């Protein structure tokens, strides 16, 4: 088994010419390169940058790199087509690159110019670069949240991530255990990666619960899009007087009666509820599929909801209808614009 010093000596012997050229270029230009978690980075932001980071779509993926190529050959090349905000070269422990890098420009136009100009660029004989739009991961899932957690409490727990957190959804977990899953959308991949690292290094606990933190998988994203695809409540937005009367009804007779009154005031007709119990969990939790048909609206509202029954004599279907009514009323009274899909709040679980 090699000692640490022997490993260091072996790494020093790998690609010495290009390493020396890189060091000379760094001294000459004064450029600052930082090694972070298996990648070497320039910028993010670069010197003299003022303002917010570039928008999504401003980063390109660079593939088919010879492993002995370094920044002194790549950064000047990619700076020719636009101003670089950040350049990241993926590295091995030996000091060779891993065959790919990422270049983020100050605008989407710079990224488009890089693709148009440098894709298939011949860096060396028989070595053509692959340059394409980077698929930036900006979305996380936090699974295993308690059923009692509401959206406001979740947002309070996520406050440390600040304005980089653009969207938060709280939905029924697709797993078999009765729990919730949060979908978090960040402004940049870097912000999402830092949030993931913080959550994982915090022993993956959020709101006092053990949770699983992962990148949002494409199939799961599609699943939620299909589940949430539905009518937007903004087309049913009531006026202030109608909401005031509805809240009075809510306090005296319950959510379903309040929703019935609101629909009548808006001349939409009486809502019709369809529910189906999909299974049960521990501590009296029941999972329901629901659909609410409002005659004056062209498309029904549907989704999943967990409810808990206070006693054996309670009718789970009636409890589910009341819970869904409360959600529809909340969505009507608190306008939201979702980056995921219209009607996203329809999946939030409640406890009765």
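Yeah, the Cβs are placed from backbone N, Cα and C, and that goes for glycine too.
These features come from Swiss-Prot:
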- 58-136: domain 'RRM 1' (DOMAIN)
- 138-218: domain 'RRM 2' (DOMAIN)
- 336: omega-N-methylarginine (MOD_RES)
Mean pLDDT across the domain 'RRM 2' (138-218), rounded to an integer, is what? 81
Per DSSP, how many helix, strand and coil residues does the domain 'RRM 2' (138-218) have? 27 helix, 30 strand, 24 coil
